[in-house]
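According to TrEMBL:
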type	residues	note
TRANSMEM	B:41-59	transmembrane segment
TRANSMEM	B:92-112	transmembrane segment
TRANSMEM	B:133-154	transmembrane segment
TRANSMEM	B:181-202	transmembrane segment
TRANSMEM	B:223-247	transmembrane segment
Amino acid sequence: MKLTLRVWRQRNADADGTMSTYEVDGISPDMSFLEMLDTLNEELIVKGEDPVAFDHDCREGICGACSLVINGDAHGPERTTTCQLHMRSFKDGDTIDVEPWRASAFPVIKDLVVDRSAFDRIIQAGGYITAPTGAAPEAHATPVPKPDADLAFEHAECIGCGACVAACPNGAAMLFTSAKINHLNVLPQGAPERETRVLDMVEQMDEEGFGGCTLAGECATACPKGIPLMSITSMNKEWLRAARKVKR
Amino acid sequence: MSWTDQLCVRSVLCMALATRTDRRPSFARTVWDSTVGKKTVMAVSGLIMLLYLVVHMIGNLKIFFGAGEFDHYAHWLRTVGEPFMHYEWTLWLVRVVLVAAVVAHAVSAYQLSRRDIRARPGKYAHRKARASYATRTMRWGGIILGLFIVWHILDLTTGTVHPGFRHGHPYRNVVDTFSTWYGNVVYIVAMLALGLHVRHGFWSAAQTLGVGSRTRDRALKTLANVLALLLTVGFIAVPVAVMTGVVS
Ligand code: HEM
Ligand code: SF4
Ligand code: FES
C-alpha cells in the first residue's frame, strides 16, 4: 500500500505546530497503525530528519499508552486502540490525517505526544482503596454478588488512554473519571471511601481544566473498551448522594 | 472506633483523606463550584420551566373555546388560591420561581459553556460535524429561547412592544400578535427551538440527576420526544389557528 500522511508536527510544548505531509510506500495491510508509523520514522531517520514522536508501550491494547486522532476519530475508524488498528482498515492511495489528542488539560509535549498526567492526579485524588491489602486474600472472604462483580469489571476495563477526552466536544474527562469511580464504588472493598472518592475525584477533574458533560455521547463511541455513557449517569448519582451525605 | 477508622489509623493515605474531608464546604458551595453540581442546577431549573410550559400550553388551548372562556381563564389566574391568597399573590409567586429558574439556568449555561470552550480550544484539522450537534443546538436554542422569553413578556404581558395592547383583554392581544407576520415568525421559530431543546434537555436532565439507566433509557427517550412534540404542536396550534382564521 502507498499512503499520504498528514501528520501534526510540533517541536515542543511552546512551539506552534502544523500538519506536514509525508508519503509512505510498501505498507502491508497486516501492519498495525503504529508499525506503519515505525516505517515512516525509519525513512525519516535515514534521511536525517526528526522522527515523528508518538506514545506507545504494550502494543497489545491493554496499557492505554497509544493515542492519535486518525481522520478525526480517536484511535481511528475501528473500536480498538491505535496499536490494534490494522492498515487493512484503509485503502491503497488513501490520505490519512494524524493528530494528537486535543484538550487544554492534555497539552502537547511533542508532535503526537500529549501530557496525560492530569489523569494520574485524578486517580491520586481517590482512585484507590485505603485498606492495607497485603497478599491476595482468600477469594471467598468478601462475597461480591455476580452482577456487582460484572459491573465493576466492566468499568475496570478502562485503560486510561484519554480517547474519551479527545473525542468530547468539551474536552471533558467524565467517562474516564466515572469508570474509575464506579469500578471501586460498586465493590465492598471500595465502600469506606465511597463518598470522599467521588467528591474528590470530580473536584480534581474540574481543577485540571477538563470541560463538563453535555451528553453528546462522543466519548462512549470513541472508547476502545466500550465504557458505556450510562457510566456518567451512575457517577452523577453517586456525586449527588455523596454531596448530600458527607458531614461538614 | 469503627473498623474503617481503625484501618485508617494505620494508613497515611487515609489520614490525608480525612484532612480533606474536614474542610468540606457547604452543600450549596459544593454544588455551585462543581461542573457536576452546576449541571444539577441546570437540570432542576430546566425541569421547573418544563413543568410550567406544559401547564401554560394547556392553558393556551382555551383560546379555541372563544374569547369569553379564554379571558375568564386569564382572570382566574389572578385569583388562584383565594381567599387564602390575596389577588395576584399566587401569580407573583409563580413569577418569582420562574425568574429564579430562568436566571439560574442561564447563568449556569453560560458558565459551563465558557468552561467547555476553554477546555477544548484547538480544533482538529480533520473535522467531524456530528461531534457537537447536540451541544451546539442546546447553546443556540437556549439563546433563542432566552431572547424569546424577553420578547414574549414585552409583547403579551406588559405590552411594551405591542402597539394597541389592551390590559385585561388577552384574547384580543393574542389575535393581534398573530395577525402580524413577524409575530408568527418569532413565535414559531422559538417553539421549534423549544422542541429541540426539550428533546435533548429532558433526557439529559435524567442523566444529570442520575435517574437514567440502561433499562429506562428507551422510555426516557420516548418521553422526551413525546414532550417535545406535544409542547411544540400545542404552542404552534395557536398562531396557526389565527392565521387560518379558525380563531379571530
Ligand atoms: C434562558 C433561556 C435558556 C438558555 C440560555 C438555555 C440554555 C441551555 C443550555 C446551554 C443547556 C445545555 C447545558 C449543558 O448541556 O451543559 C440547557 C439544558 C437544558 N435546558 Fe435550557 N436554556 C434555556 C431555556 C430553557 C427552557 C425554557 C427550558 C424548559 C423546557 C429548558 C430546559 C432545559 C433542560 C431540562 C436542560 C437539560 C439540563 C441537563 O442537561 O441536565 N431550558 N439549557
Ligand atoms: S473511558 Fe475509555 S476512552 Fe476513556 S480513558 Fe478509559 S478506556 Fe480510554
Ligand atoms: S500501546 Fe498499549 S494500548 Fe496501545
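Note: Cβ is positioned from N, Cα and C throughout, glycine not excepted.
Any TrEMBL annotation is an automated prediction that lacks curation.
Within the chain, the transmembrane segment (B:223-247) has long-range Cβ neighbours (under 8 A, six or more residues past its boundaries) at 50, 53-54, 57-58, 60-61, 63-64, 174-175, 178-179, 183-184, 187-188, 191-192, 194-196, 198-203. Touching of the transmembrane segment (B:41-59) and the transmembrane segment (B:181-202) is concluded from the presence of at least three CB pairs under 8 A, sequence neighbours closer than 6 excluded. Within its own chain, the transmembrane segment (B:133-154) is flanked in space by residues 102, 106, 109, 113, 116, 160-162, 186-187, 189-190, 193-194, 196-197, 200-201, which lie at least six positions past its ends and keep a Cβ under 8 Å from the stretch.
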